[in-house]
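Asks: Okay, here's the structure, questions in a sec.
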Amino acid sequence: MTVSNDTVDNAKATPELDQPWEELGLKQDEYDKIVGILGRRPTDAELTVYSVMWSEHCSYKSSKTHLRYFGETTTEEMASKILAGIGENAGVVDIGDGDAVTFRVESHNHPSFVEPYQGAATGVGGIVRDIMAMGARPIAVMDQLRFGPADAPDTARVLPGVVSGIGGYGNSLGLPNIGGETVFDESYAGNPLVNALCVGTLRVEDLKLAFASGTGNKVMLFGSRTGLDGIGGVSVLGSASFEEGEERKLPAVQVGDPFAEKVLIECCLELYAAGVVVGIQDLGGGGLACATSELAAAGDGGMVVNLDNVPLRAENMSAAEILASESQERMCAVVSPDNVEKFREICEKWDVTCAEIGEVTDKKDTYLVYHNGELVVDAPPSTIDEGPVYERPYARPQWQDEIQQAPEIARPESLVQAFKDMVSSPALSSRAFITEQYDRYVRGNTVKAKQSDSGVLRINEETSRGVAISADGSGRYTKLDPNMGARLALAEAYRNVAVTGARPYAVTNCLNFGSPENTDVMWQFREAVHGLADGSKELNIPVSGGNVSFYNQTGDEPILPTPVVGVLGVIDDVHKALAHDLGGIDEPETLILLGETKEEFGGSIWQQVSGGGLQGLPPQVDLANEAKLADFFVGNTSVAASHDLSEGGLAIAAFEMAQKNNVGVDLDLSVVHEDALTALFSESASRVLISTASDHLDGILQRASELGIPAVVVGTTNDSGNITFAGEEVATAELREAWSATLPNLFGHAVGANSVVE
């Protein structure tokens, strides 16, 4: 059976034919613009290509006008670190000595709601291929997860499937999962967030970019065969929110094969080493349509593609289906004719399917696609790649003043009971139920991962040079004040890297928001972008790349605005990375609190746990103080252990440092704040709890003073196994038991964990 195509000639002959542009996610004005570009109606294949490439996911059409602010705030000094920046598959930074690091965060939110396991698994696979496409070896992954209420039935369906998908794919690839964050909130019910981060390493001279150059060069498709999975994944899932009772969108969810990707990684690295690749692009969202049109648009000529040569795993696929398929584990390379044979030999060695599917031509800005010997696409690739740019209206919501009114702070009858309630809350409880499903130490280069502020990896076995990576974000803070919320996410990720002893070096982000057609959401988005861009400039670290995910809402209710910020740091010797846990030295430790504590409970976990809702202003952060903390920790060998203060404040930081070794801690809250509740649970920014041996105390206090960092001795450790404060006492083991039980009790017997949404 031969598929009948809608050809270019047929499109010219049938100008009045009705087309399903709306079902493909296009607006009337967008369809009209396509007709204007082509001078005729588009073919089915052209309509598919434009709908995919003009989706929010691929075109950034609603966010692009605001994202330009990142470029406007990047100084020459900041830019000098970047080898590849915004617009590439992933940001790449030069960290000196000929080494480069690439890292990026990508969202796979909507697919993970529809089919949790495959949605999350292919999210990991996609971000890993982004890193591969830069010429790098992927070395680790992280994940940022957001779910509905922890006790909601649908959370019990989604969370176990997502966690299994992340672990199943990442573990099979042999990549350590070195950290992450899991948050529960009502706003994510029906729209979970699954943001995956990957980091890779390469030599500076091995950098690869996505472009098709050189007349006569061949376009090679390699990896898995192309099937029907993921058809329309970008345009259907990336540009639509979930309505109550809406028909499930399972056909648009991709299916991953991590073992095929593991082989593809090694195949790519050998192809790079052999010098046979001119340009490279992974096939992710938008599939072959996206990969080939982007390569053509970035080159100095044109491209001809023959879909008859694409290896298929389904029969009778149309041109539109082949172009839009989001089958996983595929890459597209541009190769000179004299290297094609070598390219094929390497692919054959790794048992990777490859095919020559096209050629670079000297006809600039042309993109021709043939199927069954017929021309089905004839369009300028620049118009496909650039897409429309919208100046969406935005306005500060009327409810913003009301939500920022000073909250009434709940006062507990017992501080000990409040402490127990905090550590056992889903917001702060142990994530071991999740993280124990991930392999943290595969490959043997993980230095810090479990219960660490950031993941630390060795990247050079000879010099012990390494990197530290952290990713953070607070939707609660960002809803109260989007600009400050983004700054706080940046500050926490920066601080998490700094407390390991690494020097923060670069930033990436994943901006998760509701519908861009909502003026409130667009105001939140603009404010968050400005907060992150201005904050990065103040810290003098560049934003190397990012991702935007819109339409995260159920019906008309958007999620909490959630900018996830990743920070990469460099450490000269990973063996000198600072410890997280107390009890690591053979004598009592003195505890020192760096930074100033204020009564700041807006958006805090205490406000959430005590039933205070979401009210007030978030903590205020002066990023100059974060930079001072980084200066304090770099090269500091006097610190025995360190932990940043964030969610839950001093109490949670002290418990998390003490629990592993069952250390006793005696805290003096009076030197922190006159109010014991504030001293325990305030979430003031720019604070770190450190410990040191007594003979290093004076030197540490002097160093803090020289840098202008407030520092007070807040306590000491002992072998009692109890945490004492304000005349109260609670056993560390009792807190640990409550802390450890929450997630297993909620999800240990979840039913239907991998079922699709009905």
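Glycine is no exception: its Cβ is also placed from the backbone N, Cα and C atoms.
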Asks: Name the residue, out of Asn10, Asn496, Asn509, that Swiss-Prot lists for the same ATP site as Tyr60, Arg104, Gly546, please.
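Replies: Candidate in the recorded ATP site: Asn509.
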Asks: Need a hand: Swiss-Prot gives Ser107, His108, Asn109, His110, Gln254, Glu326, Ser327, Gln328, Ser549 for substrate, which of Arg129, Arg526 is also on that list?
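Replies: According to Swiss-Prot, the candidate sharing the substrate site with Ser107, His108, Asn109, His110, Gln254, Glu326, Ser327, Gln328, Ser549 is Arg129.
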Asks: What does the structure give for the C-alpha distance between Asn547 (Mg(2+) 1 binding site) and Gln328 (substrate binding site)? Integer Å is fine.
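Replies: Just about 20 Å between their Cα atoms.
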Asks: Starting from the Cβ of Arg104 (ATP binding site), draw a 10 Å sphere and report how many other Cβ atoms land inside it.
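Replies: Here the count is 26.
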Asks: Cα-Cα, whole number of Å: His57 (active site) versus Ser107 (substrate binding site)?
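Replies: Answer for this pair: 10 Å between alpha carbons.
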Asks: Taking DSSP as the reference, which of helix, strand or coil describes Glu326 (substrate binding site)?
Replies: coil
Asks: Given the binding-site residues Arg129, Asp130, Asp282, Glu326, Gln328, which lie within 10 A of Arg104 (ATP binding site) by CA-CA distance?
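Replies: Within 10 Å Cα-Cα: Asp130.
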Asks: Starting from each candidate's C-beta and looking 10 angstroms out, tell me which of the active-site residues His57, His108 has the most other C-beta atoms.
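Replies: For the active-site residues His57, His108, the Cβ with the most other Cβ atoms within 10 Å is His108.
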Asks: Far apart in sequence but close in space: which same-chain residues, 6 or more away, have a Cβ under 8 Å from Asp130 (Mg(2+) 2 binding site)?
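Replies: Expected: Asn89, Ala90, Arg104, Glu106, Cys198, Asp282, Gly284.
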Asks: Within 10 Å of each Cβ, count the other Cβ atoms and name the one among the binding-site residues Glu106, Asp282, Glu326 with the highest count.
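Replies: Highest number of other Cβ atoms within 10 Å: Glu326.
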